[in-house]
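These come from TrEMBL:
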- B:23-43: transmembrane segment (TRANSMEM)
- B:58-79: transmembrane segment (TRANSMEM)
- B:91-109: transmembrane segment (TRANSMEM)
Amino acid sequence: MDTTVTTGTEDSVWGGGNRPLNASYGKMMMWFFIVSDALTFSGFLVSYGFSRFKFIETWPIADEVFTHVPFFHGNFPMYYVAFMTFILIMSSVTMVLAVDAGHKMLQKKVIFYMFLTIIGGAIFVGSQAWEWATFIKGDYGALETKGGRILQFVNAETGERAALRDFSTELPEDRIKHEKNAGIWYQADGYTTSFSLNEVIEGFKASPNILIRTETINEEGEKTLLTRQESLAKLKNATQVVEGANLIHNEYGSRLFADFFFFITGFHGFHVFSGVLINIIIFFNVILGTYEKRGHYEMVEKVGLYWHFVDLVWVFVFTFFYLV
Amino acid sequence: MAHEHKLEIFRGLVKFKSNIQKIWGVLIFLTIVTAVEVGLGITKPEFLTKNYFLGMKLLNWIFIILTLVKAYYIAWDFMHLRDEKSALRRAIVWTPIFLVCYLIFILLFEADYIYNVFKEGFLAWNF
């Protein structure tokens, strides 16, 4: 068996430096990562679909949950999320422009466009933080029943949602936060709501224009409104007041909705955050002239791929969480 | 690095003069699509919410199709898959599509089954 020793590696398939499919090693690996990460996100989104199909008749309506815009009062469904989507697409565009400038070896332009991309990413992450804060803080407040279902309130005269503070009566009672060391050791109040269950119930009985809205979605695609009689009967099932949302209680409806909101937008937000960090690193490398010395800006192209991927995922999150 | 860019979108209907122009063109298109989505999401035309196709509202079909359209242009033009070799492109695109379709199929069917158990089985959960 003869061993052939070749001196020139150019002709040898296994000599290294090959670019299968005309993509460099780094770019190929980025695509590997993106495909596997896409499958992770799909897993999340499909399990959201699973839970939603399981409770298709009682799932919260996203239009009624995300209605806020910073600095404005009122009911603006979707506007802010649409703005966030636009910001992310816009930062994707500046990223492509940076990549394009990199191909032409224009350092100054790459710096400028990378900078804009980082700003866009930061605005997006900030908006998402604001949205989380609004979601956690809550809006109208609701009651939770024995079965873990949510009862919301509607003003019968205006047809608008009624907040707990609109009708609850202040009762002369002491409200003590239930802590683990007093009473049953495995039960504790996470937070004290602004009204006690008794205050809400008394207030409800005293205001005949308030009705209860259940989670069930009717034929028109709206939440079912109970009559006054049914409302009073339903009120007996209530066990606690819920304000805002966390992983265990959720005033907007099914608690799974809040769980998936935190997990999916959180996982995506984490991607955006790390994308911004990676962009900053590359940004400084560009300023230092690393890629000018290297002779090509492929690194910008690679982080660009990641950044576009984050945008791509958001397009799907936007559709399946906010629109559909 | 000599990079060839294919400058046609919409199957050659629109041809741009330079890569930068193409990027702005794609941005305008994506913005229009997003605006249409949000507009439909806010107005919810009755015609689209009352009619169903394969058990899903027409409106939701429109949302999903427009999403896929957006995803196509992001991947093809921003991630420049359009300029890659077709073998690489197919490996990247069809692998997840196949797996995700399978996942959607099994999970949504299972969820529908559980929905029916909750609805018709002797099980109280909505109280």
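The backbone N, Cα and C atoms fix where each Cβ goes, glycine too.
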Cβ-Cβ under 8 Å with the transmembrane segment (B:23-43): same-chain residues at least 6 beyond its ends: 9, 14, 16, 59, 62-63, 66-67, 69-70, 73-74, 77-78
Residue numbers, six or more beyond the limits of the transmembrane segment (B:91-109), whose CB comes under 8 Å of its CB atoms: 75, 81
Same-chain residues at least 6 beyond the ends of the transmembrane segment (B:58-79) whose Cβ lies under 8 Å from its Cβ atoms: 9, 22-23, 26, 29-30, 33-34, 36-37, 40-41, 44-45, 47-49, 51-52, 93
